[in-house]
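**Q** Take this structure, written in structure tokens, and hold onto it; I'll ask about it next.
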Amino acid sequence: MFLGLGRFSRLVLWFAAFRKLLGHHGLASAKFLWCLCLLSVMSLPQQVWTLPYKIGVVGPWACDSLFSKALPEVAARLAIERINRDPSFDLSYSFEYVILNEDCQTSRALSSFISHHQMASGFIGPTNPGYCEAASLLGNSWDKGIFSWACVNYELDNKISYPTFSRTLPSPIRVLVTVMKYFQWAHAGVISSDEDIWVHTANRVASALRSHGLPVGVVLTTGQDSQSMRKALQRIHQADRIRIIIMCMHSALIGGETQMHLLECAHDLKMTDGTYVFVPYDALLYSLPYKHTPYRVLRNNPKLREAYDAVLTITVESQEKTFYQAFTEAAARGEIPEKLEFDQVSPLFGTIYNSIYFIAQAMNNAMKENGQAGAASLVQHSRNMQFHGFNQLMRTDSNGNGISEYVILDTNLKEWELHSTYTVDMEMELLRFGGTPIHFPGGRPPRADAKCWFAEGKICHGGIDPAFAMMVCLTLLIALLSINGFAYFIRRRINKIQLIKGPNRILLTLEDVTFINPHFGSKRGSRASVSFQITSEVQSGRSPRLSFSSGSLTPATYENSNIAIYEGDWVWLKKFSLGDFGDLKSIKSRASDVFEMMKDLRHENINPLLGFFYDSGMFAIVTEFCSRGSLEDILTNQDVKLDWMFKSSLLLDLIKGMKYLHHREFVHGRLKSRNCVVDGRFVLKVTDYGFNDILEMLRLSEEESSMEELLWTAPELLRAPRGSRLGSFAGDVYSFAIIMQEVMVRGTPFCMMDLPAQEIINRLKKPPPVYRPVVPPEHAPPECLQLMKQCWAEAAEQRPTFDEIFNQFKTFNKGKKTNIIDSMLRMLEQYSSNLEDLIRERTEELEIEKQKTEKLLTQMLPPSVAESLKKGCTVEPEGFDLVTLYFSDIVGFTTISAMSEPIEVVDLLNDLYTLFDAIIGSHDVYKVETIGDAYMVASGLPKRNGSRHAAEIANMSLDILSSVGTFKMRHMPEVPVRIRIGLHSGPVVAGVVGLTMPRYCLFGDTVNTASRMESTGLPYRIHVSLSTVTILQNLSEGYEVELRGRTELKGKGTEETFWLIGKKGFMKPLPVPPPVDKDGQVGHGLQPVEIAAFQRRKAERQLVRNKP
């Protein structure tokens, strides 16, 4: 694009035009017209006969207050005026500027940039790296130069793809890499504030560092709250080997609150102890003043000053004068409005100024070279430039990018000024020591990383040679595989030997067991006339059902008996009579695998697997024999009396056994009352676990179960294909719920529904409605019924685990252990004549004590909180938007205590607080606590009451003040008891604090303000804040208040406060406040007259006592 041809070229055009006039008019008139035109042209100002070049300064000036502090309008005007006055620039064109606002959201920022197409001839910007590449491509398309100091995108260095883009400052990444290389800090973390511009900056910084081969561990964004900052810093702390943390946000030194709070949070987490170095990214974009420049934020914030000891500030060196000095000089010359103070301006002002000069110098070079100022030509002629910027000498390299010298600034714990330590030479890309060492926390910098991270053309693996690392890993892998293979071979060999030999053999034959006729001999008790007729539905997974008959003395064989003696103990054999089991060698190999999986299952409530029996074509599982039979047998035997303690003991045994199985990652899959056996000590044990694994071991397919057998199966398993019903953890919980129903009603599953099993199964498969047993409430405690319903929930994920079931079940018995023997003894004692009376009497006493305990608890805590604590629930902190707080104390309490005996002080407080407690009972208020003579009451919590809280507290305060007016101390009746009262309304957070003697406490600024209202009040006065007065006036209930005036509240400044002096319809007398002295003050203790009267009376009493 051609913007001008020079003054001489324009004059040539004028001459050509007037030569044509000579051909059409007379000589005299032509000469006259020629002179007139020549004089007119020469008298025109420069701006008329030169072409303008308008520079658009793009940035988030309207939506970011800290960017707007750079005063882009003032900086651009100052630069443009100086350029247009500078005779060294080509005068064939003039410069203008326009301030273009960039939206703080990236998508909108790009859209607004496109709309700026016709508004400028070239652009300084963008400021947001999120759309720098898109803006550069648009600039190329528009043939308009893009000159940016903020685009960190390393892709823009490609001049072929982006010929119209140029940096007015060195790439911040080059500066960072130079510093990181010098200190050997390779591992970096990047954290940004949550504004779009900084989030994109952080991502581009991380990408650029990674393009240099440096490991960036984390790239995080933090919010403004401390919780978000703490979480982000903890993630950095957990990341591996991070040395340097780059903070992409506004610097705390120029008003960036996010960075200030972030550093304070890092200080609290002890991350500023020298483990990490923090680098503010934005300081790389401008020249931060440091010579004789104290920073108030460091002086006023000791925590930040300590944290800043771990910060290295890298900024553009101000070689000639500081930014503030240059700004002050320009203001003194009238170039900048006088009302602007230099410390209110961001140093980014100088960067904007320098960028405009950058474009002007490039334009000047292009026009002198070839008279053309296209965008690509401007970028090309910005190479190897040198000009004076706002407060330093500016140069460019052979690529047209700015070259500036940088300085590393540091501080220490004693100062709030920054001082120079190193300079960063960007031409040589090295650091030069400036004479003052860096003060690192702990006396030394963070640990250095391996040098290979900064070696070009070399892949770094944390300092370990890749070939060596691969060789070590391969050697270790081969060794580990060899050891595991050898160990596995030895173990398999030992297991095979143990299968049939030695004391731990698991594959038994007829030589190892002796089948017996199932009658009890002397070992099991005198039951010679009883024998067992035992049937076993093995393939269906059904455990033995025991029936009794007399006189059965048939000889026992493996064919007609399931009971045998093995090593002196009775065992039960669960037979598998179907299928082709193969030869003994095949059985050995498969039995070893399954037994290895099941042999370690040892628990009091698990029936242990003793081995496998294989002989004469029969295979069986060998387990301990339980003489009481299955749980189903006990439930159907009406001769066995079961109270709830007995039932809960059996259920608890079942829970313990299943909990153990699930902890070992074992799914039962066939849990039912028939698979729960009870031994002679009435201990329930779970059996038939691992049934599916045994079927697989024997290569048997599962036979279809009868409908009655499926009543314990979970609905989701019923809907599954028959071959895939291998069970699940949630399915076992459902089966347990059905067993609970059996135990509660002493009946079969779904016995109360009076439907055939086929119909029940169909309804279970196809809800809605959800079909479950109905258990009357009188059969079990409500808590137990509720647990049962949770366990058979339709959604499997909603069912509790056995750990949760165990924890709930323990609470049903108040933590007492269930014991079958104790239960039987208690059943026998119930026949005693006085047992019922004794139980009733004890129950009544327990209920009375319970009521006393609950009453005491509700006096200490709010009823709702107390109820939650009784249920074992956690009381979460609760926020209240608006409550009213009451604080009062006794005026002169210290003096009264000094003149009284300790017991008299206790009596005084007890009498006074008893009076107060009686008064607050008639108001909707909650007594929070008493500490010494301080009395604290709240309304609006824990039960919310709308806007009534202010009225309730005000009414209570008037009642208390009235009652105190007539209150007399027993030991000092002549000394009046004066109180001062403070009221304030606002938000609070309430919660229970502590485990031992828990307290219901209030937190928030409202509590502090209410306390300040009391402490700045006067005797016999109710001191009320503006917030409370506003609520009382809105209620329109006739409260009478008078303005006290502006009152100094500690930590709050001066606020307008009021006195509450009464209420329409309140007829009780109020005490007269003491008079105010001539200085407007009143005594905050006892008056000398009152003290003297008391001492005189005390002396008289002492004299009376001493008389004989």
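A Cβ is built for glycine as well, from the same backbone N, Cα and C atoms used for every other residue.
Relevant sequence annotations retrieved from Swiss-Prot are reproduced here:
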DISULFID  Cys104-Cys132  disulfide bond
DOMAIN    532-812  domain 'Protein kinase'
DOMAIN    884-1014  domain 'Guanylate cyclase'
SIGNAL    1-50  signal peptide
TOPO_DOM  51-467  topological domain 'Extracellular'
TOPO_DOM  491-1108  topological domain 'Cytoplasmic'
TRANSMEM  468-490  transmembrane segment
**Q** Summarise the model's confidence over the domain 'Protein kinase' (532-812) as a mean pLDDT value.
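**A** In the predicted model, the domain 'Protein kinase' (532-812) has a mean pLDDT of 81.
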**Q** Tell me the coarse DSSP state (helix, strand, coil) of Cys104 (disulfide bond).
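**A** The three-state answer is coil.
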**Q** Same-chain residues six or more away whose CB lies under 8 A from the CB of Cys132 (disulfide bond)?
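**A** Once residues fewer than 6 apart are set aside, Cys132 (disulfide bond) is near Pro126, Ser148, Ala150, Cys151, Val152, Asn153, Leu156.
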**Q** In sequence order, what residues of the same chain, 6+ apart, have a Cβ less than 8 Å from the Cβ of Cys104 (disulfide bond)?
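**A** Expected: Pro60, Cys63, Asp64, Glu195, Asp196, Ile197.
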**Q** If you run through the domain 'Guanylate cyclase' (884-1014) with DSSP, how many residues end up as helix, strand and coil?
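**A** Going by DSSP assignments, the domain 'Guanylate cyclase' (884-1014) contains 53 helix, 41 strand, 37 coil.
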**Q** Could you tell me which three-state DSSP class Cys132 (disulfide bond) falls into?
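**A** Assignment for Cys132 (disulfide bond) reads helix.
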